[in-house]
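J.: Let me begin by handing over the structure; questions about it come next.
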Amino acid sequence: MSSVAVAVKGVAGGAGGRASRRAVRWAVENLMPESGRFILVHVMPKITSIPTPSGEPVPIEELDENVVAMYVDDMRVKFEEVFVPFKKLCKTRKMETLVLEDDDPAAALLRYISESGITSLVLGSCSSNFIARRLKGPGIPTTILKCATGICNVYVVSRDEIINKPADTPSANESCVHTSYTQRDYGEGSSDINNQISLLHSPTIESNVHSSFEATSISLPSYQNSLDFTHVDSSIYASEDQERNLLNLVGDFESITTKSCNSFSTKSEQSEVEQLQVEIQNTVVMYKRACEELAHAQNKVQIISSECLEEARRVNDALEREETLRKIAAEEKAKYLKAMEEVEEARNLLAKEAYEKKLAEVDALKESIEKQKIVDALFSSDKRYRRYTRDEIEAATDLFSESNVIGEGGYGKVYKCSLHHTPVAVKVLRPDAIEKKQGFLKEEFLKEVEVLSQLRHPHLVLLLGACPETGCLVYEYLENGSLEEYLFHQNGKPPLPWFVRFRIVFEVACGLAFLHNSKPDPIVHRDLKPANILLDRNYVSKIADVGLAKLISDVVPDNITEYNESLIVGTLYYLDPEYQRTGTVRPKSDLYAFGIIILQLLTDCHPKGLIMTVENAIMNGFLPRILDKSVKDWPLAETEELARIALKCSKLRCRDRPDLETDVLPVLKRLNEVANASVKVDRYNSHAPNHYFCPILQEIMSDPHIAADGFTYEYEAIMAWLMKHNASPVTKLKLQHSMLTPNHTLRSAIQEWRSRMTFSSA
């Protein structure tokens, strides 16, 4: 199949656009049906510079390659619009478009047809008159016809005729077929008229006209983004001579045509000559207009040139001012840097002081916030515990570091850490227990924690808060560890005196009685053992893990035995036997474990078989033999009475055990008073600080309170005083009010001193 290429120009007015449309239309009708490819070709000028916003061109060698490529792409897209009118002529037939880049369109087309193997090239040609063709010089079609030897078929389509140069022809002057497709019917004398009109194209006349035009050939200057004022001036002067030559040429041509017209005998011949005269006159008018426009352009160029010179002068002045200002700025900068160096020393001296002041302010602010939180927590009525986040727990425990572990039980590990500057103990439930019932941890866990956080008793470990995300319970930290450490002498713990043991038994019984009397339902511990009885720094005992067994009864670890669809919670040797058999738990279930603990305090033995051992010792009268040998001064009567109470509490059936509040507590209270009375008060009263004594009773205070006069008194003594007097017991001045404030600091100091003296006396 053959391939056809049609060279086209823009159609925005002018003869070139009409010629291109004519060529495309002809090629579509005559060549396109038999062609395999149909290509529209347009040649755009080479891009050597890019205009700036001010209109000044910048050579592409001075610009970035990406910028040049972007501009070239934009110009190609713009030139692609040339093909839009011609595509409509092709209707629905397939066609291709191609944009070439060259300053010489003829050379670009010749190079393209030689490289691409195009078989037919179609060009449009304007049917300009003879003078216009001589003025413009050889056109693109003429050049193609001369140079396209043996390359492809060349078709030049004009208004009057089609010039066809087949491939493999020697030259343009040979074998060119002129085909006229303008059909005119002049009648019988048409051959004579044509012969007479052809006199105009005779060699003599044509040579004269050619010589005249060659003598006065016009070369208009081309302004391609440059201003050459000398060339413009010389062109203007040359154009005046050319105009005179052109007028002479026109006169000569008119005289020739006049003489020729005298020989024409018909009106058609005369009209043809007159038409040629009109075309010559129009050409002269157009030429004059072009000369005027050229003169106008010269004036504009001169004006622009003067403006450019003025602008250049202003720019030079601005540059000089800028240089001057730059020197002044450099001098000022040097002065500024010198001043800054002088100030820097003073600033460095103040920096440390300002930093320390800022740290002090931050610490004060933190302390104020913490105090406010404490105050808000004290006066809050909706919740009595804090809900900690996972990040707070992980940061406090160093991501649950093993170095912070202070204990480990059946339900998880206990970590010692600090939360908000307060030492706490964090009990973390085991992961397997957490994974089993996540839904429980979100609802029931919080509900139970809310209940337990409201339990306030001197002998119950205080629950400070919880973290539902990690299954953590946050308790107050007790410094002296658990009762188990003292019974089995772990971590270097010394043995406890007998009166401290009596007091611990009474305190644990008070804590259990408080739990069992809770409303609306009693709280059963279910895991009472020495490890869950903790001692603070004053050796005051407190029950730990209160209600934890109830909390985790639905999320127990895998090692807990299940019995009759009920979970047996607790430690083996301290479990109520009836609870083990039936799975039924009662408040008296805790009494069994309580009795075992009392027996351990007396004998310092393992709980296995301990009940039988103590029963036999009492029955046979050798109880002193099984008592703890580290205590030398056991009161035997009180000790035996305490052992009998323990055996009653550890009966196998719940109904055989005594009532804690009515049967056990009165006895334990009396024994505790005996223990307290046995401590020689006079021994440590003489060494106690003076501010430990109540000004009214002259005894060491147990519950110190501050009155309006600023002195601290025993609570019961000052209350009795205020019921009868409104003056200070010390200053005898009238008191402003009767409100009392607990002195917790002094109370803790007195308790610590008493514990220390107690151990020293033991």
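Heads up, the Cβ atoms here are built off N, Cα and C, so glycines get one too.
Quick caveat, the model's predicted, so the values are computed rather than measured.
Features from TrEMBL:
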type	residues	note
COILED	287-372	coiled coil
DOMAIN	400-668	domain 'Protein kinase'
BINDING	K427	ATP binding site
DOMAIN	687-760	domain 'U-box'
J.: Counting across all protein chains present, how many other Cβ atoms fall within 10 Å of the Cβ of K427 (ATP binding site)?
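T.: Result for K427 (ATP binding site): 22 neighbouring Cβ atoms inside 10 Å.
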J.: Under the DSSP assignment, what numbers of helix, strand and coil residues are found in the domain 'U-box' (687-760)?
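T.: Final tally across the stretch: 30 helix, 12 strand, 32 coil.
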J.: For the coiled coil (287-372), what's the model's average pLDDT?
T.: 90
